[in-house]
Amino acid sequence: MSSSILNNRSARSTPAGANPAFNPPAEASSSSTQSGVPYIRENSPEAESIPSNPAMTPIITHGDSLASPGGRNSEADTVVPLQPAVSQDAIRSRPGSRTGNFVTPKAARFSQDGAEPIMQYSSGSVKSARRRTREREDYDFDQAADYAPMSEYERYYRNEGRNDRDRYTRRGPYPPPTFMNRRRAPPLDSDEEFYSSDDPRIPPNDRRRMMDEEAGYPGRPHAFRRTSTLNGFNITTGKLQWNELSRQEKSEIMRLPLTQWMNSNFKNHFVAGVGEFIGTTMFLFFAFAGTEVANIQADTTNRTTTGESTGSLNVSKLLYISIIFGFSLMVNVWVFFRISGGLFNPAVTMAMLMVKAISVTRAIVLFLAQILGSMLASVVVRYLFPETFNVRTTLGGGASLVQGVFIEALLTAELVFTIFMLAKEKHRATFIAPVGIGLALFIAEMVGVQFTGGSLNPARSFGPCVITGSFDTEHWIYWVGPAIGSLIAVCFYWFIKTLEYEMANPGADGDDLNDPTKNPEKRAEIQASKPVPTAAFGSGKTASILS
């Protein structure tokens, strides 16, 4: 019965039967197939026991064959399962050849003839060939290389579709937003400026310093900005820049206690003034107290420190007074020069102002502090020690007014020029400048105590006169003489600075950093610090020589 039903079909008419690579299962006595239809051999007891019922599903036996188009029966002696009309090779992609990179695309959902793929001679369900997930090719904006590049401007502005999609797919009218591509490597085509633009939060390279470490600046964070465009609060350092604040912000900060005070120049001048006041007081206190000790047996009528008033010439007394003045200045300058500069002398203050080492405001503050410090030291020495207060300065030794003025002027010029070369000019031995300054005052006192009292300091002579209430007729020489001496020292300092004295004996300190012949930056600093510009000397040979 089964042979009569299927005698016109052949197993070789199916694609699987025609495929030589198909390997049928070794066991031919399988009880079932994928479709649930049993395979029964011809002339077997199972085949004889099956009743002939046309309505039943046909039973395929191995002896039966499917009719081929040529009418020849199959001679296969193994069971061949039926396959769908669409080949397995047509529904999976094949790799490309070795000579080309073209890959066969995946099979479409429909067969070549447009008909739905059906399973022949099977009663089971067939899974749809429709893809259940979207692949990378199903999305539009995923890589810049998928679009027509801007270099091919005709295709780009024609809005031509991608070549790996069907002809109905078009690129969208807008490019992807830049934040989607900011962290992606730039593409290899000419669209890199379009899809990978610079980060607007970072200034361009031509507007910022590329290597701040070379200039000694600290590194800034990635997104550096101030708290606002008006205030001056630096996030990196956390310091308040008072000069960069607006008037409204300053008024708001004024409400906080001591905020404006701690960020103003007034506070700095106040601290310098207090330091100068205390330093002058301590310097003159020890100097006046030592002078009191030296003049214990002196004449108490004149109350001066000159050699003539202290009785007969006593070298030991002159040496004692000179030593106490020199050492007192050395110690107190060494202590207070970090606070106020350790000037302790109105003549030195005027000289520093003339060479622009200090400002006018600072000079006025220091001058007042020095005068007050001299008066306080005089009060303390007068009422602290039981001896007579003999520390005023007057002319002695037969010196006239003119002689007294020039003695004070020359001695003050020596002291001021020593301060210029040891303290103002920065060098390797700047930190021991107080030693040289104290020794300069010591040798000046060795000469001046006998004839003028060795003042060299208007504040030193003014304080005792105020406390004793007696101003001598020659008191003015202790103001004019030191002022002239300061002017002499300033003029000579300008002269050697204009001629670049550093080049006359380079390397005298043994410091290559301050040697202009070995350090170009020091050479430029010397040329920039000339007190008189070269243009003031005119032009021509003179200007070239001085420059």
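All residue numbers here begin at 1 and follow the chain in the order shown.
Every residue gets a Cβ built from N, Cα and C, even glycine.
The compositional bias 'Low complexity' annotation in Swiss-Prot covers 15-32.
Swiss-Prot lists N302 (among others) with the feature N-linked glycosylation site.
Its Cβ placed at the centre, N314 (N-linked glycosylation site) has 15 other Cβ atoms within 10 Å. Summarising the annotation, Swiss-Prot assigns N-linked glycosylation site to N314 (among others).
Confidence annotation: the topological domain 'Extracellular' (291-316) carries a mean pLDDT of 67 in the model. Per Swiss-Prot, the feature topological domain 'Extracellular' maps to 291-316 (among others).
Per Swiss-Prot, topological domain 'Extracellular' is recorded for 385-400 (among others), and the stated evidence type is a curator's inference.
Residues of the same chain lying 6 or more positions beyond the ends of the topological domain 'Extracellular' (450-475) and with a Cβ under 8 Å from any Cβ of it are 280, 284, 287-288, 303-308, 313, 318, 321-322, 325, 344-347, 370-371, 373-379, 382, 389, 391-397, 399, 401, 403-404, 407-408, 411-412, 415, 441, 444, 481-482, 485. What Swiss-Prot records for 450-475 (among others) is topological domain 'Extracellular'.
Same-chain residues lying 6+ beyond the ends of the transmembrane segment (270-290) with a Cβ under 8 Å from its Cβ atoms: 320-321, 323-325, 328-329, 332-333, 335-336, 339-344, 362, 365-366, 368-370, 372-374, 376-378, 380-381, 384-385, 391, 459-460, 463-464. Positions annotated as transmembrane segment by Swiss-Prot: 270-290 (among others).
Residues 275-276, 278-279, 282-284, 286-287, 289-291, 293-295, 305, 307, 310, 344, 423, 433-435, 437-439, 441-443, 445-446, 449-450, 454 of the same chain lie 6 or more positions beyond the ends of the transmembrane segment (317-337) yet place their CB under 8 Å from a CB of it. The feature transmembrane segment is assigned by Swiss-Prot to 317-337 (among others), with sequence analysis given as support.
Here the transmembrane segment (364-384) has Cβ contacts under 8 Å with residues 269-270, 272-274, 276-285, 288-289, 292, 340-341, 343-346, 349, 358, 391, 459-460, 462-464, 466-467 of the same chain, all six or more residues outside its ends. According to Swiss-Prot, the feature transmembrane segment maps to 364-384 (among others), an assignment based on sequence analysis.
Here Swiss-Prot flags 401-421 (among others) as transmembrane segment.
Residues or ranges marked as transmembrane segment in Swiss-Prot: 429-449 (among others). Residues 305-307, 318-319, 321-323, 325-327, 329-331, 333-334, 337, 342, 407-408, 411-412, 414-415, 418-419, 422-423, 455-456, 509 of the same chain sit 6 or more residues outside the transmembrane segment (429-449) yet have a Cβ under 8 Å from a Cβ within it.
Residues or ranges marked as transmembrane segment in Swiss-Prot (evidence: sequence analysis): 476-496 (among others).
Remark: secondary structure over the topological domain 'Extracellular' (385-400) totals 0 helix, 1 strand, 15 coil, with classes taken from DSSP.
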